Amino acid sequence: MYDLLKTIDDPADLRRLDRRQLQPLADELRAFVLDSVSKTGGHLSSNLGTVELTIALHYVFNTPNDRIVWDVGHQTYPHKILTGRRDQMHSLRQYDGISGFPRRSESEYDTFGTAHSSTSISAALGMAIGSQLNGDDRFSIAVIGDGAMTAGMAFEAMNNAGVSEDAKLLVILNDNDMSISPPVGALNRHLARLMSGRFYAAARAGVERVLSVAPPVLELARKLEEHAKGMVVPATLFEEFGFNYIGPIDGHDLDSLIPTLQNIRELRGPQFLHVVTKKGQGYKLAEADPVLYHGPGKFNPAEGIKPSTTPAKKTYTQVFGEWLCDEAERDTRVVGITPAMREGSGMVEFEKRFKDRYYDVGIAEQHAVTFAGGLATEGLKPVVAIYSTFLQRAYDQLIHDVALQNLPVVFAIDRAGLVGADGATHAGAYDLAFMRCIPNMTIMAASDENECRQMLHTALQQPNPTAVRYPRGAGTGVATVKEFTEIPLGKGEVRRRTSQPEGKRVAILAFGTMVAPSLAAAEELDATVANMRFVKPVDAALVRELAETHDYLVTVEEGCVMGGAGSACVEALMESGVIRPVLQLGLPDQFVDHGDHAKLLAQCGLDGAGIAKSIRERFLSPAADVAGHAKRVA
């Protein structure tokens, strides 16, 4: 099994193969990807769809001298396997294993780290211009999906690239008509019309030579969705940007891909190759439902993904989705917005029930936030469902377009804190720090499912921009209460009181997901625990009361320590005039790698045992140094 694949330790081995061996290699590679992902979990549909394209690129171009940048990066498993990491695939996305995304520190073939979308053309253009300036003769290639092409950054890069007439730049549009959620908007409709223009590529002067080696475009067009008879295809958007447009060609046909790429290799200036692929190619279950198989956990390939037979705890994403539907039923002003994450953000049911108030704006976080601001000015109640890591992309809009005008937009921030197997690129580590400094913002962190629901309801009642952060995955098992209860603004609650005598009293000020492990640590240490709830406005009265009745204060958050929730507590303490030693616990001043979420928390000292250990070493051991006012541990 895998007789050909076992001979490939790097692309140089691939380039030594006879052309006739490449399709059998593709079959082995696809089977290997399926087998690997079924054992580790990970992205599947997208990787099954890029097998032939990956082989063709490494076969034609002299990698790593020629640079390949993979947009988003979750479709790079075939690339990793062909570039020396075949025998490490069992560790994919595991603790201390290889990353699920390109990483420069992992391989010289990973020329640019990616994970967020629409960055590849900018990076590849920079490489192409850099190579020119250095006098190097190499191609720089960006592989970008049709979903990622809806983001403005991709077109900013193309606008810049189009005037670089001598750059050896190739942009490959991997057109599978499928981002995580179906691509939306006028641009996608334009691409669909372009793709369905049956005689377009053959008729274009200057492209006939490149395409002459490929099967007739007419044959490919029969596989594509046809539009109304007699439709006139508009001039391509890509040529208007100064690119030489080539295609579309079948992205699963090596006899089309390889000679086309060989011809492109001889050209100069920006080239744009349009390839049509199918997500899940070669595995019928994934072909039929590429969303379900986009990022599965472990499963049996022979049986496919089966529903769990054991009752699962409700996820925070499900809590949000149910809350949004309930609020929309009560109030016709509620509008839901997602930047291309309908399934991931829990908005499938909302779209079905409230289609006229559901807006998927595509991979356009900046637009999503300002669009929400515009809705708010008209008296509507916009709710932006967004991952913490993607809100970073709309920071200026958050400040300039929403907070500065004090517009009542609700930000439902999913995937806050560490995110496990997706790693540092997707971690929600910074939202508390970067939002806390913005005037007019209210920020809450949920400690359980019902508190999340009630916080979201509270946020919807506020006259200013308000954020509720909650983590990825299942909650604590707390049942949600159907009736809504508004949480008093800026008020935390004490969940446990110490019985220790004076001189040993420790108060733990916990935020969001850190309430549960803090309670576990408190049981061991007999400490007080406060569920702070609000990061802004922080409960200054509670901070003062705890400082006055305890000897030591500890803040705990699943976010970066620098500038985060703990810093808000220290600032409140300084304002109170009460001096107490403070220990701040949170994520370290470094990027936390991928792996099991529980293991990563333990690594950061943020599980119950780690919190107790830090407190004991800092305050309660005979050698403890409690001099000074505050100390950060991360």
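FYI, residue positions are counted from 1 along the chain as it appears here.
Cβ atoms are placed via backbone N, Cα and C, with glycine included.
Summarising the annotation, Swiss-Prot assigns thiamine diphosphate binding site to His74, Ala115, His116, Ser117, Gly147, Ala148, Asn176, Tyr283, Glu365 and lists sequence analysis as the type of evidence. Taken residue by residue with DSSP, His116 (thiamine diphosphate binding site) is part of neither helix nor strand, so it is coil. Long-range Cβ proximity for His116 (thiamine diphosphate binding site), meaning a same-chain Cβ under 8 A and a gap of 6 or more residues, is found for Val72, Thr389, Phe390, Arg393, Thr425.
In this view, Asp146 (Mg(2+) binding site) is surrounded by 22 other Cβ atoms within 10 Å of its Cβ, with every protein chain counted. For Asp146, Asn176, the entry in Swiss-Prot reads Mg(2+) binding site.
Asp146 (Mg(2+) binding site) sits 7 Å from Asn176 (thiamine diphosphate binding site), taking the CA atoms of both as reference points. Using a 10 Å Cβ-Cβ cutoff, Gly147 (thiamine diphosphate binding site) registers 26 neighbours. Classification of Glu365 (thiamine diphosphate binding site) by DSSP places it within a helix.
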